[in-house]
Amino acid sequence: MNFKILLPICALLTLTTFLLTIIATAGSTSNYKPITNIYIGDADISKINVTKVMPQVGPILTVLGSALTAPNTTVDTIFGALKAIASTEALSPLLHLLSNAANTSATLSSLTQLAPMALLGTNTATTTTFSALDELLTTSKNTTELLDGFSTLMSSMSTNTSSTSASLENTVLTLLVDSTNPIGTTESLITLNNMTTEEKTKLSPVFELFASSKNITATCDALETIMNSTIPTSTVSSLFSSLKTSLAEGGNATETIMQLGSLVPSSLKPAVQAVVTLFDETTSQNVTLSVLSTMIAENITQSSSAKAAMGALTDLLNYTTNQTELLTSVESLALSKEAASSTNQLVALDEILSASANASTVVSIIPTLESQLANNTVLLKYVPYLFSLLAASSDPVSSFSSLVNITKWAETNAATFMPMLKILNSAVNMTTITPEQLKEMTPSILEYLHIPVIYRLSIFTMCRAHLNRTMYSCSKSHAVQNMDFRSIVYNNIEGSDFKPYMDALNIGKDDLHLDGELQDRQHMYVPAVKAALAMNLMCIITSFFLMVFLLLLSRRSVVSQKLWLALGFISCWICIFSGLGSTIFSVILNMMKSGSKKDNYDVIISGSSPFYGLMWSGFVFAVLVFLCIAYCWWSSRKGAAIVEAEKAVQESDSTTSRIIEEHESPIDAEKNFAR
């Protein structure tokens, strides 16, 4: 084919590459129509996994989504009621209550049951009760355990309303108030209370010894030593026989014991000394002898239950600040016939105190709390629902504080609160929605809240679009867009109707759980786009020069081999620039796609067909130009070889003729001359 035809064709194809690259680059750097449809890629968040990205919002959407499944309910119905309180002080506590729901069904059920209490308002007694309960929760280091214990305690109190039961409760609480170690005291009381009636009866002699003691601590230690010693029966018989004789004759029991003590083995010395202490610290040696004789006769000193009881009693005496009161109280508890209910309350108290960071403070709070609840019958019937709500919360302290704030607000804003209450009631009557159902609802919810769901990413701009892909707006052109997906999503949510709810829940940019492959790779995005943009610019520049070069050469009648090589060199670079630019942009897109897929946020990344169509078409045309130039160069080279060969033949023929002429004979020359 004539190169004069091929050169203009190559110029036209180069012009096409030039224009396609310019349009692709301009489309992805501008924000005016119609080239806004040309972009690198877009991110569709219409079905984003909200519960994963914003866990705080998950339970809220579950509640609202469940309400949406009710008959004749629309997004406007649900979120319209929520918008009505968006500017009030009730929004934050309500959202925190729902957000803290570890068990959505239990939370909803409890809230609807507690709603009448909120509408009734509060009085001084209710406020005092709430304050005490709030203080109790604040001191907790394990709120779940504390709530379980307090719930059990209240249940036990409500089922045991006898005066005896109330007296026992007061006795226990008094012991705890006087204790330097409320937890240790409670556990020791549980040990004593778990004993059978027969075992408790056997402890009566012990209390008789304490009643006649001048030093309760010394007496207790001495008894514990005796119980933990093994004394031969013969030694015991000899000891008590001598003591009876000595006391009958008006002698001193202590001296008698000391005389006998010198005759016993060293292993029994501590036990003998303990007996001496008992007689030294008593107000009546005869009473002490009688009690000890009874204890030995009934084998109390060797009883395992008695030994355990003595250990618990010793601990109680060590912890108390009033030993006399303690012994009286423990004796009354031991003689009580309501041991089972008392034990349940003690176990509940132990659970409460163990879950508290300050047991002494809790001990002072519980009597006040019990008293207020016992006297406030209106509030008392809501207590089970209150504990159910707090037990279903991941942060009971925050939930209780939120409930108190809502109660105060609803008291004076019942009309505004009622629509929201209806939504909660409708949600509690519906089956909790599944994650798949929530996913299908997400697009309509995002659209209602005016949150852009399509993000079109170009080189210098970011465009936001509705679900139907009509544009919200585009950013002004500036430096290469950063693929910081967290910032992109957060900034757009900040500009939507969802902002009040974000503020109410104190959700900041760093609270968005968008960590993963996509976010980790964002630092590679800007350098890659810059490199691709540089390739495009180089492609445009070299295409322009090649196009001009081709047009100029098309006017020549002959194109030398060197010029063809120059054309091929330039065309090769155009192919490289165009191919690299297209490849880098494709790699960027696939990088975002794979990152999004691995992160599993249900964000769909897709490329722009017009953009990649323009880029790769430009590359194909550049390759065609290179092939045409290569063909022309090859044809030119072959043509030059033929010309050289013909020239060589002509030169050879000319040389041959000259030689023949030089060797012609003189006769032939004369004949030729004659002619």
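Here the Cβ of each residue, glycine as well, is placed from N, Cα and C on the backbone.
The membrane topology recorded in Swiss-Prot splits Asn103 and Cys632 across the two sides.
When Cβ-Cβ distances below 8 Å are used as the criterion, the signal peptide (1-28) is approached by residues 35-40, 458-461, 533, 536-537, 539-540, 543-544, 546-547, 550-551, 553-554, 559, 571, 574, 578, 581, 608, 610-611, 614-615, 617-619, 621-622, 624-625, 628-629, 631-632, 635-636 of the same chain, each at least six residues removed from its ends. Counting every protein chain shown, the number of other Cβ atoms lying within 10 Å of the Cβ of Asn142 (N-linked glycosylation site) is 14. Counting every protein chain shown, the Cβ of Asn468 (N-linked glycosylation site) has 8 other Cβ atoms within 10 Å. On the 0 to 100 pLDDT scale, the topological domain 'Cytoplasmic' (632-675) averages 58 in this prediction.
If you draw a 10 Å sphere around the CB of Asn194 (N-linked glycosylation site), it holds 16 other CB atoms from the protein chains shown. Residues within less than 8 Å, Cβ to Cβ, of Asn228 (N-linked glycosylation site) and separated from it by at least 6 positions along the same chain comprise Lys307. Residues of the same chain lying 6 or more positions beyond the ends of the topological domain 'Extracellular' (590-610) and with a Cβ under 8 Å from any Cβ of it are 27-28, 37-45, 47-49, 52-53, 439, 456, 483, 485, 514, 516-521, 524-525, 528. Working note on the glycosylation sites Asn49, Asn103, Asn215, Asn318: by count of other C-beta atoms within 10 Å of each C-beta, Asn49 ranks first.
In the three-state DSSP reading, Asn103 (N-linked glycosylation site) counts as coil.
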